[in-house]
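K.L.:
Residues annotated as active site in Swiss-Prot, with sequence analysis given as evidence: SER181, ASP388, HIS446. According to Swiss-Prot, the feature compositional bias 'Polar residues' maps to 510-538. Residues or ranges marked as compositional bias 'Basic and acidic residues' by Swiss-Prot: 651-661. Sequence annotations record features per position, and here Swiss-Prot assigns N-linked glycosylation site to ASN62, ASN424, ASN435, ASN474. Positions annotated as region 'Disordered' by Swiss-Prot: 494-549, 647-684. What Swiss-Prot lists as signal peptide is 1-18. Marked as topological domain 'Lumenal' by Swiss-Prot on the basis of sequence analysis: 19-556. Feature annotation from Swiss-Prot assigns topological domain 'Cytoplasmic' to 578-684. Residues or ranges marked as transmembrane segment in Swiss-Prot (evidence: sequence analysis): 557-577.
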Amino acid sequence: MVIKYLLLILVQSFVAFALPFTSRSDPKAEYLVTSLPGLYSNIRTDERPLMFAGQLELYPENQTHYFFWKYQDTNQIPEAKKRTIFWLNGGPGCSSMDGALMEAGPFRINKEGEVIYNEGSWHKSGDMVFVDQPAGTGFSYSDDYDHDLDQITVEFVRFMEKFFELFPEDASNEIYFAGESYAGQYIPYIADGILRRNKNLREGEKPFNLKGLMIGNGWIAPNEQSLSYLPYSVQAGIIKTNNPRWSSILRQHQECQDIVSENDGPDGSDVSQVVSNTCERVLNLILEATRDQSAADNEQCVNMYDHTLRDSYPSCGMNWPPDLANVTPFLREQSVMNDLNLINHKKWSECSGKVGNSFRAKNSKPAIHLFPSILEEIPIMLFNGNRDIICNYIGIEGFIKKLTWNGQTGFSEDLDTLDWVYDNKTAGYIQSERNLTVVNVFDASHMVPFDKPEISRSLIDIITGNFDEKEVDNKSDMKKKSIVTYPLGVRMAKQKEESESKTSPTSVTQSKTSSISAVSGKSLATSTTLDQEHSATPSAEAERAKNQQTSNRITRLIQLLVIVVLIWGVYILYSSYRSRPSSIIKTGPSGKKKNVQWADQLRQFEEEEIEQNEQGILSRALNKLKGGDSRGTYAPTSGKTYEDIEMNEGITEHTDNRVDDFIIESDEEDAHDENQTNKQSVSK
């Protein structure tokens, strides 16, 4: 019984060390994700993130639950600590599992329905939380659906409050929002709601530490963006002016222009709805006019999300990206739903028509009208893949020219356009001023992280100021001012080398880091440049993370070993206590007891002491686990067996005069003559 109890303590201790973030009393233990198809066979131990997922209850009265999936790197680099990034996909009504499993999350899904590692996962730069919202999207559910952006804001702020109740250790983290497409409406509205909440806190509430917004190919200003379909299509070579449908497309474009001119009031009070069917028709006509009916069925239409690709008509990109064919069955597996701790095993769909049909965005002002007030407090980054039609970069540039923020309209005319260099290659170009940064990403689609995982992750470095600004040689052998970002950990190692080289007369000038998050009004172009470019060095930070992980494992092993030794020691003491024989000698007249030991036991104790001293602790532990008799060994007797001397049971007579001796050492006799030992022979 005692052994079982001690083993139970050992197992519980091991679990406590193996899962330090959870316990029976910790509510987030219910959301811990420990298994997924392929997690242990395809993902290395050091690449497996700490994961939590589930449907978090917001309102019990109407069964509103938001599904989230959180990823945390177990070997965080210093720059990534205390940072939480909430990712939202668009739609409206499209699941953020697109972002988790096809873009910025640590996993992609292969044809076998198993997770494989994404080398460009954003969770290496901060904790990633992918949320299905509004209710009804993906794995989220409710009896009621939201109808406008104000409702969505209220519910997401409620989700954040519940989320940080579940993860109080993250409540003070720097918070960033990232997403794409219709998240260009969601994210500014939610950010505005958070900033207003922070100014009107109730008793006991704490502010959310909102630091910045990152919107990729966002649907932000419907007026200007709808007017960009035709100019972009012509510039990209998608359609030519000699197309037979050109005149009808031009007329539709003019109708869209008339709507925009009529409703785009300067004060934002009389604005067009977020989605205009008249303007949407322009894009539909372009896709119809460029259809190639002689091509294979799956290549007849231009992909509206990446014009370099083709798709079937009238899908025109709805079947893209190809990973969707793997993600959908994966998320519909009952075992996966169990792994993700789902309460309601609803059938997952990428986009919910029910949510989209319930949503009436015409009751909400387009998010662009919230930009001026948001930019007064936090930075916004707009990044665009240059191959996207539906939310193209020309539309983004168009509404920025008309936007007034922080005392000025549009970017300054003399503002430099800087190259963005990642890992010694030009990845795009950047403009930044007065808290607003625009990044055009080369060779990328509507879903930038899908096409450029590692490059897209470095966008986090830009918004957090983790970059260098310097002159770099371009293809024309001309030096051009550039923003330079690096693979994970490289910049820190580079800075360390430069710091050490400062003592040398030949050291180069260290670049000045510029942070776009500073509300100083200074652009990225005001930073000091380097005299020469440094090539990227191997990631010392990666080696540091590896060494730290090894150190953590050794520490954990030592802690576990200490527990084992302590339990073993307790067991030894307990066994010794239970095996100690009771005294069979009465006390003397003075009340002192006589110490009794078998004579041969004394000899054996001496031998055992010598033997045990020669053994190591591991050998003695193994001997103990083998179950040796802790009571000692008695010398054999001749004749009939004597059994229980203490209980006086089963004792039989001897026919042999040879008996075992035991020694009686009297405390009284020792007091009388401490130099003499009296020995006395006693018959059993």
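Positions of Cβ are set from backbone N, Cα and C atoms, glycine also.
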K.L.:
So among SER181, ASP388, ASN424, ASN435, all listed as recorded positions, which is physically nearest to ASN474 (N-linked glycosylation site)? Use the C-alpha atoms.
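P.N.:
In terms of Cα distance, ASN474 (N-linked glycosylation site) lies closest to ASN424.
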K.L.:
Under 8 Å Cβ-Cβ from ASP388 (active site), six or more apart in the same chain: what's there?
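P.N.:
In sequence order, ASN217, MET304, TYR305, ASP306, HIS307, ALA444, SER445, HIS446 meet the Cβ cut-off.
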K.L.:
So how many other Cβ atoms are close to ASN435 (N-linked glycosylation site), meaning within 10 Å of its Cβ?
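P.N.:
Around the Cβ of ASN435 (N-linked glycosylation site), 23 other Cβ atoms lie within 10 Å.
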K.L.:
Where among the recorded positions SER181, ASN424 do you find the Cβ with the fewest other Cβ atoms within 10 Å?
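P.N.:
Ranked by other Cβ atoms within 10 Å, the recorded positions SER181, ASN424 bottom out at ASN424.
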K.L.:
Which of ASN62, ASN474 (the glycosylation sites) has the most other Cβ atoms within 10 Å?
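P.N.:
Output for this query is ASN474.
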K.L.:
In whole Å, how far does the CA atom of SER181 (active site) lie from that of ASN424 (N-linked glycosylation site)?
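P.N.:
Cα to Cα, SER181 (active site) and ASN424 (N-linked glycosylation site) are separated by 29 Å.
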K.L.:
Looking only at the topological domain 'Cytoplasmic' (578-684), what is the mean pLDDT?
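P.N.:
Residues in the topological domain 'Cytoplasmic' (578-684) carry a mean pLDDT of 44 in this prediction.
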K.L.:
Return the count of C-beta atoms lying within 10 angstroms of the C-beta of HIS446 (active site), excluding that atom itself.
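P.N.:
Result for HIS446 (active site): 26 other Cβ atoms within 10 Å.
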K.L.:
How many Å separate the Cα atoms of ASN435 (N-linked glycosylation site) and ASN62 (N-linked glycosylation site)?
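P.N.:
One finds 40 Å between the Cα atoms of these residues.
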K.L.:
What's the CA to CA span in angstrom from ASN424 (N-linked glycosylation site) over to ASN62 (N-linked glycosylation site)?
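P.N.:
Cα-Cα, rounded: 53 Å.
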K.L.:
Per DSSP, HIS446 (active site) is which: helix, strand or coil?
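P.N.:
For HIS446 (active site) - judged by DSSP and reduced to three states - the answer is coil.
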